[in-house]
Amino acid sequence: MSVKYSEPTWKDQIVEWVSVPVSAWWEKTSALFTDEYRRSTLLVWAAWMLMSLAYTMFNVYLPKLLESRLGHTETGGRKRALWDVVIFTLGGCPGAILGAWMIDTRLGRKRSLAVATFLTAVFCVGFCQVTTQVGVSLVSIFISLAATTMWAILYGITPDIFPPNIRGTACGTASALSRIGGMIAPILGGHLLARDSSLPMYSAAAILTAAAACVLLLPTEGENKGGNGYNQLSH
């Protein structure tokens, strides 16, 4: 007796089309939550989301924040604020070079990232304390430099915290979470700005401090030694 072969239905094809990538994703994600990597995974993801939330919270409203610090409402004040945005952007240019230098000092990777993150928080608080044009411009430069250094180190060390087989999932999820934080930031920052022009900066400073704490709690320097992609210090 011959057995007739039945063509898969469109429902079967959809199930197969969905189940294969989901199964692969689940396998990789499960590996991130084994005892060896669970702590690193959660802390790295938290750091990425918190940094993006804090940075975007003040960066997206930077022209308005600059204008409010100087007490200008006329056209000239707005032009001055926009020039300060240009200064802010240029101030961050050496950040990647500074980050590359810092990780090779005694600070190492983890502490360099924590220092850059905490300094960004400190300068955010300082931004709310200055009232002069020169002071605002200088603090803006320091914020930009510290923040760019922070991002440069974060992008550099994250892949080396995880082994190659789960690195893509870990880094991709971290990046996705940072985008979520970046989407929340304008909404939250707008509500805070409506209450007080200093609140977005103070809130960003608090969030960045929490992110720095997450970095310091990482059980690894994120330094790839021996090709294993994971140099464990302590658990």
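Note that Cβ sites are derived from N, Cα and C of the backbone, with glycine treated the same way.
So that you can see what the record holds, here are the features copied from TrEMBL:
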type	residues	note
DOMAIN	1-223	domain 'Major facilitator superfamily (MFS) profile'
TRANSMEM	42-61	transmembrane segment
TRANSMEM	81-101	transmembrane segment
TRANSMEM	113-132	transmembrane segment
TRANSMEM	138-157	transmembrane segment
TRANSMEM	169-193	transmembrane segment
TRANSMEM	199-218	transmembrane segment
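Counting residues 6+ beyond its ends, the transmembrane segment (169-193) has Cβ neighbours under 8 Å at 25, 28-29, 31-32, 37, 41, 44-45, 48-58, 60-61, 64-65, 158-159, 161-162, 199-200, 203 in the same chain. Put simply, of 81-101, 138-157, 199-218, the stretch with the most CB pairs closer than 8 A to the transmembrane segment (113-132) is 199-218.
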